[in-house]
Amino acid sequence: MTAYQFEIQHIHQTFHKGTANEHHVLKGIDLKVKKGDFICLIGGNGSGKSTLLNAISGSFPIDEGKLLLKQKEIQSLKEYQRAKFIGRVFQDPNLGTSPRMTIAENLSIAQKRGAKRSFIKRATSSNAVKQFSKEVEMLELGLENRLNTEIGLLSGGQRQAITLLMSVLQKPELLLLDEHTAALDPKIAKFIMKKTNELITKQHLTAMMVTHNLQDALSYGNRLIMMQAGKIVLDLNQTEKEKMTVEELYQLFSQ
Amino acid sequence: MGIIVSTILQGLLWGLMAIGVFLTFRVLDMPDMTAEGSFPLGAAVCVTLIRSGVHPLIAALVGGFSGMLAGAMTALLITKCGLPALLAGILTMTGLYSINLRILGRANLSLNGYQKMDNLLDSFHFPPYFNMLFIAVAIIGVIVILLALLFKTEAGQALIATGDNEQMARSMAINTDLMKIYMLMLSNGLIALAGAFIAQDSGYADISSGIGTIVIGLASVIIGEVIFGRVSLTYRFICVILGSIIYRFILMLVIRLGLNPNDLKLISAILLAICLALPQLRMKLKQLVFLKKEV
Ligand SMILES: Nc1ncnc2c1ncn2[C@@H]1O[C@H](COP(=O)(O)OP(=O)(O)O)[C@@H](O)[C@H]1O
Ligand SMILES: [Mg+2]
């Protein structure tokens, strides 16, 4: 029996329970994720994609079900405790970085994800900054010369690139990307998508990526999942995915 | 001469309090009202201890420590009980009024005839106010340096990130609740320490001395921002102190102009309202000028 990197067992989530606004958003989600899987997650607006990722990362306690990361239950851990193992990039470029802190300072925060943060040690030592400079160079945005610039002064695309780097600076057991290119202009979105793929394949990361771009969903990753009204309705493996065309996928999507 | 030195001294001592307010309102981005209770708490604890024979420096430190406990109380109400920050601070502040009254035993307690911090330098025969000025410069200088160093450490950066973008901090495995507890303790510790120093400087502790501390603190923070602009955190601390000194000079001038000292709180509030409205007013003015050009 293969051990799964990550398992979702029968998750249910209802918002505003017992009120007129009661909304059953996740209706029994089951998913087994192998180590190194790069899953693209698609589905219509309001189908529960973000809610699923938020449930995994611990934005709210889930009503029912289990989350197993490397066979350990994590569903009762707090969000910041799960963040030791889970990297995240949000749709909103403002959410992933600290605007008043410099690029170097943001990266130093990310470098310490999951480690003890010292009250004595300087966060941005010259050694650390040298390493950051190398990492940022990989983004090919010229930001390595602006490590002391406040993040708030960067464009959305630049910020999202830094957020992406921050989410993998300490290798995560699971990387969650929620439409992380949706708020960017098409050119930079394409660039960020390419970098995302590079980072995930190079570091053999296990990742779940929500995207509304069907072409991206087919081009990237080794598995494709579609959600509808809080349920997984389609689960394609690598070979099935390779046979699928955008048109066919669109047909399924609009059913 | 004397009035200038004493005004600078007041600015320095109240500047320490303003740094405490700055840490919560600006760095943590949380409106913490505990200050209005922790300030007189520091004063009450310090004066009571001195009157029972404790060394004035130790009394001040214990006063500061009591403020940390007050800050922890508010932080627990926020993080463990889920109260809004504003309400949590008001609860602690209100509760502290009774506690302060119990510590003092009455509304006002004097240090007349007791050894105070400035007496430690009596043997040097400095001119008036200079004893306390030297002590204040030394102590506040050390505190500012320590704060500047603290916020450059790994944990210090986590404190800043919590105030700057809590969602990001949590997704970077920072225990943001714990960071809030640390920040409120640090802030109220400094505010109570300032309360202890100011009580020694003025020679008494007063139950109502906390009223208006937040307005005074914020006024100092904002005067510093308006005059010195956007600078790094280390310089921000210095700007807050300078803002506090400028604020004291403004108050001194206002009194010199013959205004009633009883109106000081009203004047302070108006001053702060003007400072807060300034950026907005500036925009309006620009729009007005712009519109005129259009026509
Ligand atoms: N915290 C929340 N409280 C109440 N309703 C929520 C919450 N989060 C999501 N929802 C609701 O759940 C549904 C699914 O939302 P979401 O997961 O964001 O969809 P998707 O990301 O697939 O577009 C929506 O109707 C949304 O309004
Ligand atoms: Mg979504």
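Cβ coordinates come from backbone N, Cα and C, glycine included.
TrEMBL does not curate its annotations; it predicts them automatically.
Residues or ranges marked as transmembrane segment in TrEMBL: B:12-28, B:57-78, B:85-109, B:129-151, B:181-199, B:211-228, B:235-258, B:264-283.
Comparing B:57-78, B:85-109, B:129-151, B:235-258, B:264-283 for CB pairs under 8 angstroms to the transmembrane segment (B:181-199), the maximum falls on B:57-78. Here the transmembrane segment (B:57-78) has Cβ contacts under 8 Å with residues 30, 32, 34, 37-39, 41-47, 49-50, 84-85, 88-89, 91-92, 95-96, 117, 120, 180-181, 183-193, 195-197, 199-200 of the same chain, all six or more residues outside its ends. Using the rule of three or more Cβ pairs under 8 Å, pairs at least 6 apart in sequence, the transmembrane segment (B:129-151) is in contact with the transmembrane segment (B:12-28).
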